[in-house]
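Record features (TrEMBL):
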type	residues	note
TRANSMEM	40-64	transmembrane segment
DOMAIN	42-339	domain 'Sugar phosphate transporter'
TRANSMEM	76-98	transmembrane segment
TRANSMEM	119-137	transmembrane segment
TRANSMEM	143-163	transmembrane segment
TRANSMEM	170-187	transmembrane segment
TRANSMEM	199-217	transmembrane segment
TRANSMEM	229-248	transmembrane segment
TRANSMEM	268-288	transmembrane segment
Amino acid sequence: MSRAQLTRTGILRMALGGGADPLLPAEGGGGRRAPFLLRALRIAVVVCLYWFTSIAMVFLNKYLLDSPSLRLDAPLFVTFFQCALTAALCLGLSLGAACGPPCSGLPALRLDPKVSRSVLPLSAVFIGMVTSNNLCLKHVGVAFYNVGRSLTTVFNVLLSYLLLKQTTSLYALLACGVIIGGFWLGVDQEGAEGTLSWTGIFFGILASLCVSLNAIYTKKVLPVVDGSIWRLTFYNNINACVLFFPLMMLLGEFRTLYHFDKLGSPSFWGVMTLGGVFGFAIGYVTGLQIKFTSPLTHNVSGTAKACAQTVLAVIYFEETKSFLWWTSNLMVLGGSFAYTWVKGLEMRKVQEDPNVKSSERNETGV
């Protein structure tokens with residue numbers, strides 16, 4: 001899900017590492033826990049908010065990128081606008097910090113060219129991630145979108161070994177094998193139904209690779225911004241806006257916009273703004289879900305959300321899918337759930353082992 005991935009990665013890192021997020025509500029004082037029904041209701045509301053925001057963001061982006069009624073062939077411009085809006089929202093929240101809660105804990109944001117240059121390598125990966133995510137969504141249906149980008153977990157394992165020299169357990173590797181099998185079965189079934197887009201598949205694989213690289217580079221670059229995910233989000237999106245300009249010129253998107261008949265339409269800009277707000281908000285509601293449940297439960301919820309998103313897309317677009325097509329989705333979702341469960345058990349075991357060093361616990365958590 002595009003530019004929100006950086007914010008989600010940072011919030012997940014803070015959740016695993018114990019850091020606080022200034023936008024998230026503080027825990028109740030005095031060590032007293034809320035009544036069970038109140039806690040259950042709160043969790044249900046947060047999970048529903050996460051599902052609604054995430055699914056709405058995907059459908060809005062699909063409309064902007066590939067709507068027959070809109071007919072806007074400028075995916076980089078759509079991504080550029082959303083990055084610019086994200087940077088503006090970060091700056092607005094920072095300026096609002098002077099007004100007190102709920103933004104009083106946010107760091108002050110100012111543009112430092114030296115910091116911007118240090119963040120630039122991550123920004124290049126970030127551009128690849130958000131652009132390939134949107135291009136994948138443009139060329140494949142919303143129903144297949146989850147399968148098209150399902151290799152992120154596989155690339156996480158591969159890059160962790162190649163770049164970080166971290167090994168993966170046999171059970172986690174078996175879960176990755178199920179994901180790969182589901183991916184190829186899904187590609188085969190899309191081809192059998194005549195809806196396969198190799199361009200979409202290419203960008204889906206590229207998006208999966210960039211999401212994994214983004215997580216690794218985020219960890220390396222965070223010290224440059226004093227560990228603040230909000231500063232990193234701000235600098236990353238500012239850099240992305242600058243880098244998108246030559247890309248849009250190279251691909252002729254300014255010419256496309258000049259001839260776009262709805263460029264002056266308030267409804268068009270309303271949908272563009274709404275898509276950007278949802279893209280920014282997904283990072284916040286992800287943090288809420290992790291805070292009120294756990295990182296493991298969040299991943300399980302994300303897997304269930306992907307299943308619901310697929311079913312909703314098939315119903316909304318009135319599509320008919322074969323048994324094997326649904327099997328491919330279940331394999332991807334089941335493999336993702338199994339991998340999350342295995343890594344959660346491994347992380348808990350490491351955290352509870354007194355002989356494991358603190359640095360090793362952090363590595364496992366990340």
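Note: Cβ is positioned from N, Cα and C throughout, glycine not excepted.
Heads up, TrEMBL stuff is auto-annotated, nobody curated it.
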Same-chain residues at least 6 beyond the ends of the transmembrane segment (170-187) whose Cβ lies under 8 Å from its Cβ atoms
144, 147-148, 150-151, 153-154, 157, 196, 201, 324-325, 327-336, 338-339, 342-343, 346
Quick one: find which recorded stretch in 40-64, 76-98, 143-163, 199-217, 268-288 has the most Cβ pairs under 8 Å with the transmembrane segment (119-137).
199-217
Recorded stretch, among 40-64, 76-98, 143-163, 199-217, maximising Cβ pairs under 8 Å relative to the transmembrane segment (268-288):
40-64
